[in-house]
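Per Swiss-Prot, topological domain 'Cytoplasmic' is recorded for 1-24, 117-131, 210-221, 415-472. Residues or ranges marked as heme b b595 binding site by Swiss-Prot on the basis of sequence analysis: HIS21. Sequence annotations record features per position, and here Swiss-Prot assigns transmembrane segment to 25-44, 97-116, 132-151, 190-209, 222-241, 395-414, 473-492 based on sequence analysis. Taken from Swiss-Prot, the feature topological domain 'Periplasmic' applies to 45-96, 152-189, 242-394, 493-537, supported by sequence analysis. What Swiss-Prot records for HIS188, MET395 is heme b b558 binding site, and it gives similarity to another entry as the kind of evidence.
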Amino acid sequence: MISESVVDLSRLQFAMTALYHFLFVPLTLGMTFLLAIMESVYVMTGKQVYKDMVKFWGKLFGINFALGVTTGITMEFQFGTNWAYYSHYVGDIFGAPLAIEGLTAFFLESTFIGMFFFGWDRLSKIQHLAVTWLVALGSNLSALWILVANGWMQHPVGAEFNFETMRMELVDFGALLLNPVAQVKFVHTVASGYVTGAVFVLAISSYYLLKKRDLGFARRSFAIASAFGMASILSVIVLGDESGYEVGEVQKAKLAAIEAEWETHPAPASFTLIGFPNEEEQRTDFAVKIPWVLGIIATRSLDEQVIGIKDLIADHEARIRNGMVRYGLLEELRAGNKSPEKIAAFNEVKDDLGYGLLLKKYTPNVVDASEEQIKQAAKDTIPSVASMFWSFRAMVGAGFAMLILFVCAFWASARKNEESKPWLLKFALYSLPLPWIATQTGWFVAEHGRQPWTIGGVLPTHLSASSLSTGDLWGSLIALIAFYTLLLVVEMYLMIRFARLGPSSLHTGRYHFEQLEQHAVKHASPSQADPQQPVNA
């Protein structure tokens with residue numbers, strides 16, 4: 001068996017690379033649509049300021065896009081290096097949407113992004129606008145296929161286990177594509193990216209307004225970001241509610257951990273606003289509850305129960321026992337006893353083989369597992385409650401803070417008095433980290449909440465890892481952290497540098513720092529203006 005330290009280090013390495021990568025992805029998703037909207041306004045109005053907005057914000061987008069691509073490449077290699085059995089077991093299914101993403105969406109995006117930056121003087125207005133919209137389409141199609149793959153990991157549909165090949169095989173591509181978990185995850189994730197882009201533009205525009213510079217540019221950027229952000233944050237909240245319903249349908253252990261729902265209470269269940277989960281005692285101390293809310297969100301009804309952790313553990317224990325039976329039948333089939341009776345018996349409990357594989361963490365002989373090992377494996381099916389509970393509330397808290405921000409910003413922009421509200425501009429500026437807090441904690445909830453599974457109910461995480469040494473993993477982990485941190489420092493340096501320069505970085509002669517230089521030259525000292533003229537003339 002692969003040691004637990006190897007599995008944990010492999011998980012840590014993948015989590016680190018994924019979280020670093022997802023620092024860049026949401027901003028890319030959001031900025032592409034903001035750029036497309038800004039350029040659409042430019043084409044419709046013909047006003048030069050909107051073209052300058054596209055070019056300036058596009059410069060910041062380009063920096064972010066380049067580093068996002070760089071950090072994303074490493075993740076794909078890890079499926080082969082760190083998760084070899086995972087790649088063998090489900091590679092034909094998981095690889096299909098990733099291959100489609102690379103051959104279609106990424107090529108579309110990467111091709112047209114060059115035309116976006118270098119086609120201003122070579123394309124007509126309409127042609128360049130089409131290019132910008134195609135960049136936005138490509139980035140969102142990339143997200144679609146990647147999240148189809150991830151959604152299948154959360155809720156594996158359209159695939160069956162083949163005992164002849166000992167692998168999962170795709171039997172229904174339509175079910176894979178239309179997986180409700182994948183679709184909800186896609187729209188919720190891209191909407192969160194739109195919010196990230198809107199907060200980014202809003203915060204930097206507020207900085208310019210506070211500094212009283214490039215006001216026309218900043219006002220228009222503020223207005224577009226506030227309107228786009230308002231629509232996006234409302235979408236995130238609605239789609240987040242839908243995501244909660246899907247989790248309640250197919251990932252009951254994740255939902256119970258998020259809500260620290262230890263017991264199965266009478267319907268409709270109350271929502272725990274805040275509290276302190278005590279995992280040892282299996283209770284939540286000092287819980288503040290809102291009646292009915294959890295039941296309505298998770299079940300869309302007033303009479304369906306939300307299953308508690310204790311009952312889920314008991315249910316999973318029964319499924320582990322079924323999995324032991326199926327594992328025994330699988331061994332007989334592999335030994336050559338492929339009678340119709342054996343195959344029929346195997347297929348009757350085929351959905352529970354993954355639960356039987358949970359015992360591999362404790363014993364190589366699944367069918368001979370002890371009662372203690374079965375009970376421990378059943379407990380493992382519940383992710384860490386405290387980390388899930390607090391991460392979810394951090395995500396929701398950041399989301400509602402941004403809702404307040406966009407309501408205020410949209411109202412002020414509609415009344416054209418945002419400059420007279422320094423408290424709002426400071427609120428927007430200091431809110432810049434909020435979308436990253438929300439997206440990072442949201443992904444933690446999504447991925448950590450799937451544990452102990454790599455593929456929900458099918459393949460346990462401890463079986464998915466490659467046979468590596470801890471030394472190899474520590475070395476590569478340290479190298480990746482150093483490299484990714486360097487990339488992050490480069491991104492921050494370039495972003496801050498160009499954000500401070502603002503549209504003056506376009507060198508059009510129309511903006512703040514360029515006008516200061518022109519003013520300085522115009523009022524240069526006499527000796528500079530005319531070397532033949534006396535200094536005190």
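From the backbone N, Cα and C atoms, a Cβ is placed for every residue, glycine too.
In the structure shown, the C-beta of HIS188 has more C-beta neighbours within 10 angstroms than that of any other entry among the binding-site residues HIS21, HIS188.
Separating the Cα atoms of HIS21 (heme b b595 binding site) and HIS188 (heme b b558 binding site) is a whole-number distance of 18 Å.
Scored by C-beta pairs under 8 angstroms, the transmembrane segment (132-151) has its highest count with 97-116, from the stretches 25-44, 97-116, 222-241. Counting only same-chain residues six or more apart in sequence, the Cβ atoms lying under 8 angstroms from the Cβ of MET395 (heme b b558 binding site) belong to ILE437, ALA438, THR441, GLY442, VAL445.
Through the fold, the transmembrane segment (97-116) approaches residues 35, 58, 62, 65, 69, 76, 123, 128, 131-132, 134-135, 137-139, 141-142, 144-146, 148-149, 152, 176-177 of its own chain, all at least 6 residues removed from its boundaries and within a Cβ separation under 8 Å.
Counting residue by residue with DSSP, the topological domain 'Periplasmic' (45-96) contains 48 helix, 0 strand, 4 coil. Beyond its flanks by at least six residues, the topological domain 'Periplasmic' (152-189) meets 29, 88-90, 92-94, 96-97, 143-144, 235-236, 239-240, 242-243, 246, 249-251, 330, 333-334, 346, 350, 353, 446, 450, 454-459 of its own chain at Cβ-Cβ distances under 8 Å. Mean model confidence for the topological domain 'Periplasmic' (242-394) is a pLDDT of 91. Within its own chain, the transmembrane segment (25-44) is flanked in space by residues 50-51, 53-54, 57-58, 60-61, 64-65, 68, 72, 116, 125-126, 128-129, 132-133, 135-136, 139-140, 143, 189-190, 192-198, 200-201, 224-225, 228, 232, 435-436, 439, which lie at least six positions past its ends and keep a Cβ under 8 Å from the stretch. Across the topological domain 'Cytoplasmic' (210-221), DSSP classifies residues as 8 helix, 0 strand, 4 coil.
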